[in-house]
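What TrEMBL says about this one:
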- B:86-391: domain 'Cytochrome c assembly protein' (DOMAIN)
- B:6-25: transmembrane segment (TRANSMEM)
- B:46-68: transmembrane segment (TRANSMEM)
- B:80-99: transmembrane segment (TRANSMEM)
- B:104-122: transmembrane segment (TRANSMEM)
- B:142-164: transmembrane segment (TRANSMEM)
- B:176-194: transmembrane segment (TRANSMEM)
- B:258-277: transmembrane segment (TRANSMEM)
- B:300-324: transmembrane segment (TRANSMEM)
- B:339-356: transmembrane segment (TRANSMEM)
- B:368-390: transmembrane segment (TRANSMEM)
Amino acid sequence: MSKIKCQCGHENPFGTVLCERCGRPQTEEAKASQLVDMRYEGSARRSQTYNRSIVDRIWNFFSSVKIGISIIIAVLVTSAIGTAFPQKLYVPATTEVELAAYYERLYWLFGTAYYKLGFHDMYNSWWFITLIGMLGISIIIASVDRVIPLYKSLKRQRTKRHPSFMKKQRIYGEGPTEKPDVSLGKAEEKLKKLRYNVKTEDGALLAEKNRFSRWGPYVNHTGLIIFFIGILLRGIPGFYVDETMWLLEGDTKAVPGATGYYLESKKFTMETYTKDEAGEVFGEALDRVGMIAKNYQTDVALYKDKEGALPGSGDQEFVKDYSIIVNDPLNFDGFNVFQMDYRQDEDLKSMTFQLMEKSTEKSLGEFTVNLVDPEQNYEIAEGASVVLSDYYPDFDGMENGEPKSKSSIPNNPAFIFKMITPEKPKGEMSFVAIQQTLETEENAYKVKFVSAEMRDKSGFVVRKDKTLYILLLGGIIFMIGVIQGSYWNHRRIWIQKGLDNELLIAGHTNKNWFSLKKELDKVQDFADLPAYEDRQDKESNLEIKEGEQS
Amino acid sequence: MGLAALSSNLLLVSFIAYLVATLFFGGAVKGAKSEATYQNNRWGKIAIIITIIGFISHIGYFITRWIASGHAPVSNMFEFTTAFGMMLVGSFILLFYLYRTPSLGLFALPIAIIIIAYASMFPREITPLIPALKSYWLTVHVITAALGESILAISAVAGLIFLLKNIDLTKKSKQRFWIEAVIFTLILVVGFVLSSTTFKLIGYEAEFTYIDKNEKPAKIEYNYPPLFGMHQYKAITPEVMTPWAEMPAIINAKTLTTFVWAVTTGILLYLILRLIFRRPIATLFQPFAKKANSQLMDEIGYRAVMIGFPVFTLGALIFAMIWAHEAWSRFWGWDPKEVWALITWLFYAAFLHLRLSRGWDGEKSAWLAVIGFIIIMFNLIAVNLIIAGLHSYA
Amino acid sequence: MAKADKKKKRLIIRTIVLLLLVSVVIYAVAFKDKVKVLAVGDMAPDFELVDLEGNKHRLSDYKGQGVFLNFWGTWCGPCKKEMPHMEKLHKEFEGKDVQILALTIKDPPLKVKAFRDQYELTFPIAIDKTEVVKEAYNISPLPTTFLINDKGKIQKIIKWAMSEEEIRSHMESIQPK
């Protein structure tokens, strides 16, 4: 693996295509070609030079842009397949059996195949994550392998290039001029005005502009890597919290994931657009679609355990009131609480009953049972009261002659009331459930259902994401890099004296040749330079110039 | 005249202006011998002035509608697609002034016209914002994303011109087949507009009840004769045609009906054109592309991607993530629309790498630009209409 | 032999970088679904609840003793079967440094009191009204019992109803020696 010594005396690393210093082609291929490949300045990409051990081979694999592009395409295709049917996340099923049934019911054979292949959870599958990981590795290795040699060769480039280098440039011209030195001087003056960095050496001139744009790709790759790191960090405890919580109006609950914080729901509101307020503008839409939601809002109060107080002690202090609406989460201590869902008219809060004499249907008065924390005794009138002997919040039929509740949530409340009246001071027992009353013996009185009060429920998502700033930083760096690389371009113009009164002129840019040519035209107008041609534009670029000048 | 009405009229003015400008660009191309000579041609000058008038009127539509509704008019399919058409014209004007080539206008404007016509097939009344859309990020994210996409679309226009010019249409080849396929797709869109407009003018309506995929009863209104019925459909409107077949719950039979009508009309239109001209339709457009300079088109195609890619990244990914974090609590949720934005981005990333590192330019690059536009359109049309997700606001 | 040295150095650097990157990817794949929950060996999160009699109970007050922390509900069938055994063993272990604490989640106090009276329970029963302890201990099925040793560490988590014998042996296991 010896160094390559160029005719100019410079020692180039193995694998170099164009001499770092003078630009002479070093390989047979480069010597034979008409136009030289200027990517990476013809420098030796280190990856391509050694291919000995297995480590080198793996390294070279990831260093290859071809492989990088293949990985991008693979991510693209797998991502696309993942959108064919809904992902697991958006399927209303909790168990694997339900999931399988869902895909089969809606998408038949395709659905089953989709599910069996694991495509229903594509973006969380090991192969997808592996692909993304490989993409990350490829970005890192390919960038490192290119940015260093590129930096070195741009630093080492000499002003005076060998004519063979000039001749193989896409923009090239040669021809006699009357006073080459004057032309060179004038060109230098004009190029400086066009904000080029101009260097001269021994009858040769190198004008260079916006070299920093060459670093754009590497800057944006750095941004991407920072972004990937941010995502990786979410796996570490404490960096990322993602919980859901349902909160009923009037309840106070611990915020999941945020130990020591409690949220009280004061009121949930859902509004829709009405024709009164917006009929003139939105009337047509409201007519066509019907109801359109305007606002989902939960008014909450946030509490936290006092300094030193233990969770559960009830020793809390008020932090703040807030109205959580969609697009405006509650923020505290790095946590965000989002309004995500709601249920209306599903949850019972209290029930109101009448104590009634059966024969006359005369009411002795009403009483209200709080279904979450019921009282035992209800005074109704002089000598008349009701005792709540037992309560079954979620009545689920009888078991061994005893009523049974299947949870503590008042979904289907049932009660055993003891009715004490002046006539029956010992009391009569009555079992009351929705649409059902049971008595052990014929009673004189009954408890009659009057009304029920409901309460709304808000669905929240609790998030904490310490990686957000890392992700944002990655995004910003990516944007800087991509703008740096896209909105500026590295342009170079070489002019040098040839034999006799000849001048050679060559130009190179990594993109936007049109603008380079425009600038070159301006220089030509000012200084007497030979005509050049764009050797890739086979369709008469001379005509363009005429068109522009006229 | 109310603001909303003024807004509609301004849109109509711009639509007509684009049509007229296309003719003038055609004149500019026809009258010139080659790319170089038509750059400062009088027809071309008139054409760009009319385009700019149309564009200003289009912006007028946008602003008046914004004032009337109180939110940026990018909140449903009609509004978004119209805005996309507007930005496409804006991007064209920008690139026209960078490169002064009428050929670009001759192809960009008709595409903008088709897009605006397509937009008009959706319900056009002003809708109030649902809570999820009530955020200034709606304005920021959607406008930036649409702007990015429209600049990328110009790259496809340049690519199309390059291909039309350089593909030999006299001989049978893979390239000829695919370029004809691209033209055919455009004709399908025209078919959709034609069929939809026809039935709208007739005032066709047919209402049905059906059972949706969550096994709940629902109601639907067809604007086309119902070729396919919804799951367990029952007609409400008397004396409508009986659908040929009933569809299972996951298939929106209304969308399918619309699709079949559009495709049938498109195919008929294509066949009629083929019968009249007796050669591939692409050859009809080829003369208009012949005078463009290939190298310049390649340059424009690449430059447009270079300008558009950062804008697209910012709007469709970064701003999207920031908003998603605020509205849905997660910055990324693998919602189909999000995924397709990512796919678009990955595609253009691959495009840039192929071009920068593997030297794909000329025809290869032109094909990639056209495919990129197809992906963008797929995200705009198919993902919204077929793959429903959180973004399906149309 | 500078060249050989350089080559060796390069090989080492490349190996390290590759190993590092690959292990990061493996980590990402392997831990994609891992959620941190309370596990055996962790310190039991401290809390303070007031029982039905109005006495405060802090978990940390019982340091040096074993704690049999039982989560239950009045409506939960298996819990009902377990309760009499717990009561019996509560009496058996009185003064033997093993404490039973029973927490119900969101049950109406009326029901809990009725339940206590019906089963004549004498160990402390508290209601976790805000579900803060439930959250901290990640309780899903009822009953769930945490066996906490004298050092405050979780020794075992049992997610089913136990027989008297099981309870006895578990309580013995957390008895300080």
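Cβ coordinates are placed from backbone N, Cα and C, and glycine is handled just like the others.
When Cβ distances are compared across the two stretches, the transmembrane segment (B:176-194) makes no contact with the transmembrane segment (B:339-356), since fewer than 3 pairs at least 6 residues apart fall below 8 angstroms. Note: the stretches the transmembrane segment (B:104-122) and the transmembrane segment (B:258-277) are not in contact (fewer than 3 CB pairs below 8 A, sequence gap of 6 or more). Taking every listed stretch (B:46-68, B:258-277, B:339-356) in turn, the largest tally of C-beta pairs under 8 A with the transmembrane segment (B:6-25) is reached by B:46-68.
Most Cβ pairs under 8 Å with the transmembrane segment (B:300-324) belong to B:339-356, among the candidate stretches B:46-68, B:80-99, B:258-277, B:339-356. Long-range contacts of the transmembrane segment (B:46-68) within the same chain: residues 2-4, 6-8, 10-11, 13-18, 20-22, 24-25, 27-28, 79, 82-83, 85-86, 89-90, 92-93, 96, 102, 105, 109, 126, each at least 6 residues beyond the stretch ends and with a Cβ under 8 Å from a Cβ of the stretch.
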